[in-house]
Amino acid sequence: MASPPSSGQPRPPPPPPPPARLLLPLLLSLLLWLAPGAWGWTRGAPRPPPSSPPLSIMGLMPLTKEVAKGSIGRGVLPAVELAIEQIRNESLLRPYFLDLRLYDTECDNAKGLKAFYDAIKYGPNHLMVFGGVCPSVTSIIAESLQGWNLVQLSFAATTPVLADKKKYPYFFRTVPSDNAVNPAILKLLKHFRWRRVGTLTQDVQRFSEVRNDLTGVLYGEDIEISDTESFSNDPCTSVKKLKGNDVRIILGQFDQNMAAKVFCCAFEESMFGSKYQWIIPGWYEPAWWEQVHVEANSSRCLRRSLLAAMEGYIGVDFEPLSSKQIKTISGKTPQQFEREYNSKRSGVGPSKFHGYAYDGIWVIAKTLQRAMETLHASSRHQRIQDFNYTDHTLGKIILNAMNETNFFGVTGQVVFRNGERMGTIKFTQFQDSREVKVGEYNAVADTLEIINDTIRFQGSEPPKDKTIILEQLRKISLPLYSILSALTILGMIMASAFLFFNIKNRNQKLIKMSSPYMNNLIILGGMLSYASIFLFGLDGSFVSEKTFETLCTVRTWILTVGYTTAFGAMFAKTWRVHAIFKNVKMKKKIIKDQKLLVIVGGMLLIDLCILICWQAVDPLRRTVERYSMEPDPAGRDISIRPLLEHCENTHMTIWLGIVYAYKGLLMLFGCFLAWETRNVSIPALNDSKYIGMSVYNVGIMCIIGAAVSFLTRDQPNVQFCIVALVIIFCSTITLCLVFVPKLITLRTNPDAATQNRRFQFTQNQKKEDSKTSTSVTSVNQASTSRLEGLQSENHRLRMKITELDKDLEEVTMQLQDTPEKTTYIKQNHYQELNDILSLGNFTESTDGGKAILKNHLDQNPQLQWNTTEPSRTCKDPIEDINSPEHIQRRLSLQLPILHHAYLPSIGGVDASCVSPCVSPTASPRHRHVPPSFRVMVSGL
């Protein structure tokens, strides 16, 4: 409803009939109450003197009760009246006065546009336009102002679209736009160090524009918008997505009806409490949560659930009235103005825009005052009341004067920047079912003030802007590393003890026969394997990243070389035994330790080739594996993301496959040798049983260890414990199986290993070996074992010699009584000596030699020289040689020969070295002894 036109309007209507004349005073009174400014004064104000020319201002706003926003227009009128009254009292525009003419737009585009054109056509020349509440009506009128050279000042239009100065160059507003809250939000985010946010926007242009502007503001300040969600009717899906993206700080743009739905969804998703912070518009109606209707899709959201989800949210809105106790341009404080406003509105509902309307009237007055000063200073001699809609110059003067506005009003400092009010933004927080002001932002000074002890978070501190992910390196426990290192040191001490034992007793028969040099290599391999445990336990908690990467290569090399050294030496020993005892043709074969070292070196060379190629082509690198987040055991608002260091490369599977294949073939070869030599019954020489046990244990443990280690790669303590125990077990069991039996044997029964030297083979092997028992293999270990057998035979034969000496003395005494037997005994004696010497052939096969000796004695019982039965000899043929001189001559020749003839064949010395007599070796009877036998014995 437009205000009545002033005296400059067209001809008045015809006089009403007499009954209507009675109603005219009542009608005029009503019009004066509805639009007092149209007549140039406010209610209760004295009429200005007739000589005071008016400065007309067009007032456009909704006033009817049928329109929802009509309450805004009606609510600000008392404040407008106060401002006009105070301006007149101060004679700010003397000799002029403000003449505000109100026109009802009814928040309708057509009606609002008609009211504007009616004011232009039928009203006086208006200097400015005051008003603009509904965005649609305001934008239409503001877009056409430039053509009329009119400047518009709004007190309630907050839509961001009106900030476009290219489209609305003559539009100003005393109320901050909806976008004005974005710098305040930015300041709040910086204050609490929130660097990561998410947005939730209702699909309405007003909210979308604010969201878009906020995005630009935050982007320029390097604040991450991790997720942007929008919704039309059901916000639950968007809320769920925000939670899935770990958004803790939510910037919402929606109306109060949707706000209830949003918080119900937040309650269902548990997006409230100490971990979350909601920041939403603060311009909702007071106690809006009591007015909204919760939809059926949130049936479980009861009132207490809604209030629980709302607890702690922060609302952002412009400050309707300054809280500072400072006198304004009117000479009164904002608080004094508020009291006067409340007393003047007398039953009219309050409006949150009343302060901006009050300051707006003062802005118009100050602008016109400045324009008059500009006109007075110019040489045009133009009066301000001479303005018309085609006066572009005066329109520009008024426009420039508006831009220069700067004073302190009841809403704070009134300053325009590109037509936008640089006002004050307040922050309120929902606490215990009520909104409490907790701070304000001054846009002019760009400062944020948080009221002490008013803002309250549900936790002990402000929520984090995201789940704090504490990247925690999973490291090996120091106590575990210490325990396993202690076990490793004990293993190395044991290996050192075995090494000392092996070196000290290297000349002992038992140790010498078991290849002490190869034993040293076995110990060295075990110690290298032990040493790798220390390196496997060093991770990022002990060494730097660069050192760890170096350790990746070093520990791989040490473990690989240690394994090959230990088992390579063990298998080389077994191969020599296999080569000796599987030599079917029994050809002479010499396998020295140097050759075994070459074999072990060849195995190591293969290892080095693989490792060098691995390092050159695809070296091991330090990689960090990130696992899924875990809750903090201490219950803090953080999540722990375990990190684990690994030694990996691009083609890790291929390289491991090559190494495993090579080591597997080596173990299979060892198993084959151990199986082939299983029947060699020389404990000092044959370790096949222990090698088999070692291979079995090592193989099983390695397979189990590798599988469990792979399955526990995300648990470094378990993985290290398994790897270390497998290495300790394999190394310890291998060293113990090789050396403990020797140690026990050497300490308890040193000769046990050299007794019972019968070579036991399979039945087929026995038949073949019996046919080729005359061959000789001059290999050190075989020779050593045979030497032991010969020494045992030597001892037995020495005892036999002693018995023969006694028998010889008895025979000699008897021969002194029976000289005729001398010749026969002499012949028999030489025959017996020849038979005994021929037993040197038994050295080719000890078992065979023993058998020959036994058979020979059984078949020639006379060789036993039993003197108690002289009747078994032929008496008659020898009676002629038993004369005393024959006996004396025979004994002088036979005794040295009888005593020394056995010695060369049993390891003794040549008779020529101890007797001036002719050496028995010079006799033809000694020339049949095989040279190989002599070499074998003397060489040993």
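Please read every residue number as a count from 1 along the shown chain.
Glycine residues also receive a Cβ, built from the backbone N, Cα and C atoms like all the rest.
Relative to the membrane, VAL718 and LEU743 are listed by Swiss-Prot as lying on separate sides.
Feature transmembrane segment, per Swiss-Prot, maps to range 522-542 of the set 249-269, 522-542. Of the listed residues (ASN452, ASN679), Swiss-Prot tags ASN452 with N-linked glycosylation site; the rest carry no such note in the record, though that does not show they lack it.
Of the candidates ASN89, ASN866, Swiss-Prot marks one as N-linked glycosylation site, and that one is ASN89. Of the listed cysteines (CYS107, CYS236), only CYS107 is recorded by Swiss-Prot as the disulfide partner of CYS134.
Taking CA atoms as the reference points, ASN403 (N-linked glycosylation site) and ASN89 (N-linked glycosylation site) are 26 Å apart. Annotated pair ASN89 (N-linked glycosylation site) and ASN388 (N-linked glycosylation site), C-alpha to C-alpha distance, rounded: 28 Å. Rounded to a whole number, the C-alpha distance linking ASN452 (N-linked glycosylation site) with ASN388 (N-linked glycosylation site) is 54 angstrom. Every protein chain shown contributes to the tally, and the Cβ of ASN452 (N-linked glycosylation site) ends up with 8 other Cβ atoms within 10 Å. Sequence-distant neighbours of ASN388 (N-linked glycosylation site) (same chain, six or more apart, CB under 8 Å from its CB) are ASN125, listed in sequence order.
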